[in-house]
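Visitor: Dropping the structure in here first, questions after.
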């Protein structure tokens, strides 16, 4: 038998991508230009299509050398994501990660959405330790300089190992300071929403006044993040565990990492806080890590929602749900539901404290409630209760009911859904209002921890498709009537056309007969 020789070059694919990145930075062999708010970025179609489902679908439908992205995409975020498509590395300022996640979700880059969420949870966690991040779990935050990369071909070599990148990250004083910004939004939202009970006690555990009262003898240096750095030692000391040391230069707390014990999407603060639940202080201290991760997940979702809507620039305008228009046969049943002052007790036993906080108290059914605090998206108490009574514990049904409360049939029929998973290839159809979509998504995330944004994309696209079918069916009787009238008119015209030749034939025969009658006697006379 013939022998087979095999040769393998490690990291050859990475080297090719690095060289392609060098070509991109130098403007060599690029076959597409992506325009973002007037800024043109040259790239290779093959690399963009391999990294992003959005570009893959876009290039399948268009061969244009210039592609323009919507106004919701920011040039800085797209530049970082474009660099990620070539290098697999992300470099961003603290506080920009939420805008980056929004852009990655719009461009449908699953790697950033999956790994980035886990990485940002670790960074935002009070128990975060930069040395505990592994290569397979988190992307690097190493800053890269385009000037250094364009110096020549040697830049295509293997990048620095993760250990050196982590050490560089430790030397930055603001590497874990993204939590206070999200926390201020979260705390202010909870105060405005009137949230109380055990949930407020959990969130107060990580607030700045409580931490200052617990540790007055150890004020943190100005370069450190006081909220993030002091939270985990306080919890660890209360549980009888040694607190981690503080790095002098980086302000990063090293302590027992609890990020591996829980998943950010498997628990909910509302789920654990039933009306009759009781938590003693010892259990709360032991479960401090899990509660902290749960709260961090809520903060990231809230910050992601708020940052996305801030980019649209339309948060100042108030959005309200549509007035209810029900069929006569179901009007009595709906009226009984609208007369409810609060949610039924049996429904509360099933879903717990996962609904809007004002639904648990009696109130006017016509009262307008803000679906999510700070979004300016309002819905009446009766409509929201009808959504919950119809959905029960099924979050997908709740999502459909909420979308139907804000968008009528014609709006859905003339839309392409969320824009991420389009229900039509017609470029004239625009996505639904992003403010309503963000508010509904965040409300469903509070209701069901396992809610996925892809579910909303699919359901919205399905609702738009069904709305177009219903609108098309409603036009069918009118089209049939017009077609019947057109057929009758055509039949009348055809019959009229048949009558006219017959009349012409009769006249022609009469004239011929008269001529023959006149010619007959003259011929006989000649004879």
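In case you wondered, yes, glycine gets a Cβ from its N, Cα and C as well.
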Visitor: Any idea which of 108-130, 131-153, 154-176, 177-199 is down as region 'Disordered' in Swiss-Prot?
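Guide: Going through 108-130, 131-153, 154-176, 177-199 one by one, Swiss-Prot flags 131-153 as region 'Disordered'.
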Visitor: Where does Swiss-Prot put SUMO2 cross-link, among 37, 441, 480?
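Guide: Per Swiss-Prot, SUMO2 cross-link applies to 480.
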Visitor: Looking at 202, 368, 498, which is the one Swiss-Prot tags with SUMO2 cross-link?
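Guide: The candidate carrying the SUMO2 cross-link note in Swiss-Prot is 498.
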Visitor: With every protein chain in view, how many other Cβ atoms are within 10 Å of the Cβ of residue 452 (SUMO2 cross-link)?
Guide: 14
